[in-house]
């Protein structure tokens with residue numbers, strides 16, 4: 001992957017010529033004589049400085065893509081905050097980007113700098129199929145993720161129960177199979193050297209039917225599905241936020257924290273943590289009056305037993321919130337029906353308090369889960385938007401060429417620029433996760449700096 005080694009390999013390949021028997025089959029034009037010897041390399045379209053510069057830039061892009069996506073895989077598999085089943089989609093998507101960087105980009109760079117295909121006819125077909133496969137799998141992954149987001153928003157309880165790791169893995173297998181079906185045609189219809197070409201070339205089928213079908217299947221149809229699904233998600237989320245705000249009014253029920261603009265309570269902030277539930281309960285007027293009445297009865301009973309038992313009762317207890325419980329415990333130690341009544345009231349108070357704590361805790365957990373779901377949905381929307389921005393220029397210009405040919409053909413340098421911008425997308429997803437998701441950011445820091453600290457200690 002290092003750029004000096006890649007540049008040296010390109011120079012050696014240019015001096016050597018096409019490999020094996022394919023040189024006679026593919027390169028028998030003006031660049032070779034009848035016997036296939038004294039092969040002359042094509043005139044390079046880049047200077048030596050440009051070759052070194054491009055090799056360095058693309059080499060850095062390859063290394064950055066591999067390292068970033070490997071970090072994504074490690075983070076999802078090791079971080080407790082990222083171990084949700086739906087994050088397996090991100091592992092598979094990162095794997096596709098790693099394969100693009102290792103199996104496609106180096107050969108695309110060599111083909112670009114050498115101005116001919118050096119690696120033989122068989123690998124040409126495999127290379128083209130892998131190129132289309134990984135690009136198609138990326139967008140089909142994003143399409144499956146958008147459907148997963150939609151079902152988790154519209155059928156939260158039912159779908160979350162069904163979304164097990166096994167189901168997610170089965171969906172990922174289906175995504176790769178669909179991508180393979182779409183990318184299979186290059187294996188049987190890849191582009192061969194046109195008549196009169198002096199040097200072997202490797203390109204996709206140039207017929208209109210293939211250009212349009214591959215563009216629709218690999219890009220435009222999944223993009224349409226993603227756009228419709230995310231528009232529906234936005235409408236559902238907006239309607240749900242409006243309904244909640246109308247129900248709550250200016251103040252939330254039961255003293256709940258006010259909501260922010262995105263419908264999340266302050267207790268479930270950006271870091272996904274809840275404020276600890278309060279143990280004190282603010283009862284209504286009737287329950288307060290009832291508790292005062294019980295406290296007075298217990299206090300009077302305690303005074304009557306004070307001389308015999310030496311017990312001070314609950315009159316000087318720590319506070320009104322705990323006086324009833326302490327009085328109940330004091331009375332429960334005395335015999336008679338009053339003790340049984342006090343014991344029952346103590347149990348009812350404790351049950352009431354524990355039930356309120358459990359209710360607040362469950363609400364808190366639900367808010368944290370909703371906050372994470374919303375952040376995850378937003379991050380994936382950014383990922384999809386960046387993917388479309390990177391690949392749309394290439395697919396639009398490519399399909400335009402398939403329709404009107406030379407009349408709509410872009411200048412070759414611009415078309416190649418669009419082509420490489422699409423490859424750059426494979427390196428951007430880890431950056432997006434780092435910028436927009438705190439769980440990924442924290443996990444990346446943990447992976448990188450914890451291991452570095454261990455190395456310093458050793």
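The backbone N, Cα and C atoms fix where each Cβ goes, and this holds for glycine too.
Keep in mind the model is a prediction, meaning the values are calculated, not measured.
According to the topological domains annotated in Swiss-Prot, residue 85 and residue 438 fall on the same side of the membrane. Annotated range for transmembrane segment in Swiss-Prot, selecting from 11-36, 89-114: 89-114. Residue 124 (disulfide bond) carries a helical DSSP state (H, G or I). Between the transmembrane segment (380-403) and the stretches 89-114, 125-147, 208-231, the greatest number of Cβ pairs separated by less than 8 Å involves 208-231. Taking every recorded stretch in 89-114, 125-147, 208-231, 417-437 and counting its Cβ pairs under 8 Å to the transmembrane segment (52-76), the highest total belongs to 89-114.
For the topological domain 'Extracellular' (404-416), the residues of the chain that approach it from at least six positions outside its boundaries are 112, 394, 397-398, judged by C-beta separation under 8 angstroms.
Residue 218 (site 'Implicated in catechol agonist binding and receptor activation') and residue 124 (disulfide bond) have their C-alpha atoms 20 Å apart, to the nearest angstrom.
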